[in-house]
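Remarks on the structure that follows.
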Amino acid sequence: MPPIMVILMLWCAFMKDCPSLCSCWSLGEAWGMHVDCSSRGLRSLPALPRLTRSLHLHNNSLASIPAGALDSLGHLQELQVWDNPWHCDCHILYLKLWLQDFSAPALARLRCASPAHLRMKSLGQLTGNDLGVCTRLLPTKSLQFFWRDLILIAGVIITLILVARALKISKKLICQLTLGRRHWRRNIPKTHKIQ
């Protein structure tokens, strides 16, 4: 296949994943994509390509990022999210925690636009007291995860017990069949034995 065809096929594959309101370009097959969604008036995060290496979301109308939205971007090395009207309530907690791991300087640049008592406060400076409502929400979420995990563990234990029981019964049946076959061979009259 000619090199130009390979390049065109790669470009088409990258472009089909590009969000409609954004501009995308390939940084090379091994390097991923640059996704520019800056200054587009976005109010919500579009579906992003998994191979996004560089992401520009600055100068939009984003108030928060949905929990888990950035977790699938394993190749991401650059994120620009400043100049958005961040609403600093429980929904901003995901972005704050994610940016603490990803880029402390990027976190320091972000400022709350609302609520009024947090206006212009850096996301990096937010504390549990600032997000007081979250202390009531988080245990409920943790409790949901606890029950889900408990049900999964119980399911695994029940499955293991059933498998062990099935193995025990099958072993018992094999022993009975083996003993029955030996008993049957011993009781065959000598006149019927094959020579």
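Just so it is clear, glycine is given a Cβ too, placed from its N, Cα and C backbone atoms.
Beyond the ends of the domain 'LRRNT' (17-54), by six or more residues, the same chain brings 10-11, 60-63, 65-66, 69, 72-78, 80 to within a C-beta distance below 8 angstroms of the stretch. Under the heading domain 'LRRNT', TrEMBL lists 17-54.
Marked as domain 'LRRCT' by TrEMBL: 84-135. The average pLDDT for the domain 'LRRCT' (84-135) in the predicted structure is 88.
Per TrEMBL, the feature signal peptide maps to 1-20.
Per TrEMBL, the feature transmembrane segment maps to 145-164.
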